[in-house]
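Annotated features, as they stand in Swiss-Prot:
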| type | residues | note |
| --- | --- | --- |
| DOMAIN | 2-218 | domain 'Glutamine amidotransferase type-2' |
| ACT_SITE | 2 | active site, nucleophile |
| DOMAIN | 278-424 | domain 'SIS 1' |
| DOMAIN | 455-596 | domain 'SIS 2' |
| ACT_SITE | 601 | active site, for Fru-6P isomerization activity |
């Protein structure tokens, strides 16, 4: 992983591919490369570092009608020029780029080595191109050799290949990894992410898992399954507004996306809510009838959103809710009762562990699967029974902000819908909840316009922070701690406030920074008790509380006040406070806010 881009057409492919790769950098990278075909030459260039490094190595005179490129985030082999994509076969006749992980690469590599194939990298990707080249030398059939190669692979992959014998052809394929075609007039773009080519084409085709495409200059796209049966695919038009990569005057994408949250909430509420209840179209095609348990599966920030959903749904509905990290779910062999509902959450819709969990649910009878996703046409969206889109728009910052709070809002609304269908919430309580959530855009703007941006952490030189919260605030603390780890590079751990006395309090010494979320009125007094425990051990307490809880100043060293709101809206507002705190601390420490080290935006490998 992390990003594929390619072009075939009448224009010069080289600058187009380099531009496309630069737009994929937000997904994560440690190296980049490009391969281009001319009539008599296969040109390959690679570099470690950002795409700008690659651009400096490619001559502006280089011209080709067919090229592929890749931004890499290391999974097999350290970041290096040798391990960067594209990879070529031992005769340097063809080049390939690949996202994903080939699980049987070692077996394939050993078999090829025994036949005299020489490898030049440590990657699983090189196995694919060497395997293809070996088959092509036997058969001379480009497409058949590509199809045969794909069927030998175990794991997940999206890949693109060019061959110097066929300078007018580009081959690409996918299996449980995203790949999108952008169609123009006598030209085709390919990318892991539609936003990378949206400037040039809004007509798209999404390759489904188990499909390959044959692109020829001046010819229509041909799509097949791996058995080479022809497939007809619909062309979809995507809105250019979905692809903005402009910072719009902000210093960082993360800050821009924090400020976009009121508009995101307005979009969600417009689609989902009417004045005192739900729009008829919300989950119209999906029934909760007969559901006896819920299983929420996700990774990272999406997992934290699922944790809040458990608290919220179980507070309203008399059914159990289980929340699992996707990477553990697949291997834990959990018992899933019939008449369960699985909710899978992924911003990108391509998170490998979450998709693996989806495969497990698909093996079960009488289990319905609902997706929560931000990307139409994604693998997750295409394979669940129904998908609710969070309408967050493109999120470029690696640390999730608007997508996370959009997930929170959608999950809270889903819980209210479930409670309403099961008649476990009164019409009056439902009306008050919906009205309270409809206040979110206004309250978010109010908070973002407050003095919060003047806040500076007096403990920014500390290397370890503790976050405490109870009930609805605990999952929000978990997310805040993750944000601090991701972009400020400090150790941060979140605990239920009541658990301090059961071990973590041993970490407290004079000056230890403890950030306490006091936003849940149901457990406010209990949370104050936790503050007193750590203050007695001379901790430095930063308290986040509602504006009506000014008394918090008497027991804390610093205070951040969040506008009063409905209890279901409060976690979202407190989550935004955590985002701003992490952003501010990252600035104080001088770290890379939008592209933190070692992290990728879309984790397409397990």
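In case you wondered, yes, glycine gets a Cβ from its N, Cα and C as well.
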Per-residue pLDDT averaged over the domain 'Glutamine amidotransferase type-2' (2-218), given as an integer: 88
Number of other Cβ atoms within 10 Å of the Cβ of residue 2 (active site, nucleophile) across all protein chains: 26
DSSP three-state assignment for residue 2 (active site, nucleophile): strand
